[in-house]
Amino acid sequence: MPYEKELAAAKKAVTLAARLCQKVQKALLQSDVHSKSDKSPVTVADYGSQALVSFILERELPSESFSLVAEEDSGDLRKESGQDTLNRITELVNDTLASEGSNSFSTLTTDDVLVAIDSGKSEGGSVGRHWVLDPIDGTKGFVRGDQYAIALALLHEGKIVLGVLACPNLPLASIGSNQQHSSSNEVGCLFFAKVGDGTYMQALGGSTQTRVHVCDIDNPEEASFFESFEAAHSLHDLSSSIAEKLGVKAPPVRIDSQAKYGALSRGDGAIYLRFPHRGYREKIWDHAAGSIVVTEAGGIAMDAAGNPLDFSKGKFLDVVSGIIVTNQKLMPSLLTAVKEALNEKASSL
C-alpha cells in the first residue's frame, strides 16, 4: 500500500510527541512558558515535540531525503538565556524515548536536539515530499490545560497524502453540543488518514482503530458548529451571523486547535468556521493534517470563496477571507450564507 510505512512512522512520532506534551502539561512549570517575539506562549513541549517528531521520522524512514516544514527553530535556545530550557527539552526528549521501551535509542545530546529542531526549516512547495508539522497546535489551550493537538501531514507533489492528529485531551466519546453526558470519560484520541483510504480514530496509546465519518446532517437547523476558543483567532461575530442565516439553533462549540477537525471527522458537529482578523496569513501546518482527516472522512474543506485549500505554495496557505469545513450536503447552503455575511460585513465598513 502506498504511504504505509510513512503512516506508521508518523503515528509513532506523533504518539511519542503527545506523551512528552502530556508530561509537560501535567507539570506546567512557570519557566516552561517561553515568550516568542509574537508573544504567543511557546513551551518546552513545543520544542520537544518538534525534536521528537523530526528525530523519529528521520530514523524510521532513513532512505528518503528528509524535508520538514515546521513552526519552530532553535534560535532562542542557542542563546545563553535559553540554556536551561534546552537542557530541560533534551532531558524530556531522552526520557520519552526511553519510555518507548526499545533500547535502540542512544541518548541524545543538546546538539542533537538543536539539529532535530532545525530540520524543520524547509519551505515546502509543489515538488517532492515534505512533512508538515505543528508540534503543539493550540499553545494557549495547552497552557490553560485545555485542548491542543500535535498535527503532522505529508505533502507529496503539492498534495496532502496523509495526516495524523494527536489530541491528548479530546474525549473518545463525542463532544457535540447535544451529547455532553457520556458514560465513558476516557480522553486522548489519535486520528489518521491516508489518501483514498478513509479516516480512522484510536485511543492515544491504544491499538483498536475505528473508521470515522463526518455527520450526514442535511438540515442546517440541526447542525452545530465549531470555532476557535480564542476570539483573537477568529471573528466570532461573523460566525454567528452565518449561523443565523443558516438557521443553526445550537450554540457554537468553542475549542482550541485542530482537535476541531478531529471532532468534525467523527460527526461531533457539522460545521467548522475560521475567519481570522484582517492581515493574518494562515500557515500550512495549522490545517494540513486536519484537512485530510476531514476530507477522508467524507467532508470538504474550502476557503470562504469555495476554492479548495492549496498547500503547494510554501509555508503560507493563502485563502479568501477564511476557511469553512462541513459535509457534502451542507456545503452549498453554507457557502451561500458565508458569501451573504461577508458582503454585509463589507458594506457596513
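Every residue number used here counts from 1 along the chain in the order it is shown.
Positions of Cβ are set from backbone N, Cα and C atoms, glycine also.
As annotated by TrEMBL, Mg(2+) binding site applies to GLU71, ASP134, ILE136, ASP137, ASP286. Listed in sequence order, ASP46, GLN50, GLY120, LEU133, ASP134, PRO135, LYS283, TRP285 are the same-chain residues six or more apart from GLU71 (Mg(2+) binding site) with CB atoms under 8 A from its CB.
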When the number of other CB atoms within 10 A of each residue's CB is tallied over all shown chains, which of the binding-site residues ASP134, ASP137, ASP286 has the maximum?
ASP134
Other CB atoms within 10 A, centred on ILE136 (Mg(2+) binding site):
29
Shell list (Mg(2+); ref centroid = CB of GLU71, ASP134, ILE136, ASP137, ASP286; cutoff 8 A):
LEU133, PRO135, GLY138, THR139, ALA149, ALA151, SER257, GLN258, LYS283, TRP285
